């Protein structure tokens, strides 16, 4: 029997069956409703993929990816700079550890034990590989894991910086808005004078002044500012009060002045003049119209000051004998514990570069010309 044509001579083959031969295998034998749902899902996937590809090709994504790549390269460059700088320091840990009466053979044995007799390039690559894995090695002085010590110390530093940020950021924004509200009047001039005085005073001077007044003369707080594991939260807050307020005084003035300048820059816009002509309250104009449009430079300066809170905390921790990263690094420098110095330097550099990158990305994203290019 001759084969029949499926599309013509055989009446048992319907048009729907013929169409089914050309459907994808996933839709063959499916009901029309299910096929329609599948087509809709594929259409949504294609739309999402097209949107993702469009975003990756946009100037906004290009700038963000470039900034992230630059941060990674900068971090590698800083790691090399830290290693070379530590290697260039005068003196020898083995000689310092053993004392002046140590024999040359004993010094050579210590150097061999610590790997100091190996080439600097090999030691740098080994150290960098450990850093990428979160392993900073062991302390030369104590023999303990540096990563474990940093985990505890970094928590203390972040708590101190977080306390200062929670106090200083709202206060800086509020004082900046008040200075704009009373521009060129007594409150504005008083705030500017106090902020200028705070910027002019170094951290250690403010810290010692607070210790003299609040701890020695008045006895309101304890000194030194010691915290330990298992310490009650209220006692921790009391311990970090003075160093936290010192950091607040350091960063508050800068953030307040930048907030004032950013809002004043927006106050000269045409829509602000329109709001003033409508008779709106001055504080309402500042809070609802000027401040939201000045958020980009304000957020940028806040991020930069947060970076300073973490990195610049070294002096404050030393003044108040606070067991944080700064005090840990200074103690390591005293005994020439180079792995600890390198680890602390990398942590500080990573935090500073990360927060600067976040500030730059926020500035890029908040630019409407980049978000909505023509």
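Each residue, glycine too, has its Cβ placed from N, Cα and C.
Annotated in TrEMBL:
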REGION    1-39  region 'Disordered'
TRANSMEM  64-86  transmembrane segment
DOMAIN    154-359  domain 'ABC transmembrane type-1'
TRANSMEM  158-182  transmembrane segment
TRANSMEM  194-221  transmembrane segment
TRANSMEM  233-253  transmembrane segment
TRANSMEM  294-320  transmembrane segment
TRANSMEM  340-365  transmembrane segment
Positions whose Cβ lies under 8 angstroms from the transmembrane segment (294-320), at least six residues beyond its ends: 157-158, 160-161, 164-165, 168-169, 172-173, 202-204, 207-208, 211, 223-225, 242-243, 246-247, 250-251, 254-255, 258-259, 261-263, 265-266, 326-327, 329-330, 348, 351-352, 355-356, 358-360, 362-363, 366-367
Winner by Cβ pairs under 8 Å against the transmembrane segment (158-182), considering only 64-86, 194-221, 233-253, 340-365: 233-253
Non-local residues, at least 6 beyond the ends, that sit with Cβ under 8 Å of the transmembrane segment (194-221): 238, 241-243, 245-247, 249-250, 252-254, 256-257, 312, 315-316, 319-320
Same-chain residues near the transmembrane segment (340-365), Cβ under 8 Å, at least 6 residues beyond its ends: 60, 63-64, 67-68, 71, 74-75, 78-79, 82-83, 86, 127, 131, 136-137, 139-141, 146-147, 149-150, 154, 296-297, 299-300, 303-304, 306-307, 310-311, 325, 328-329, 332-333, 371
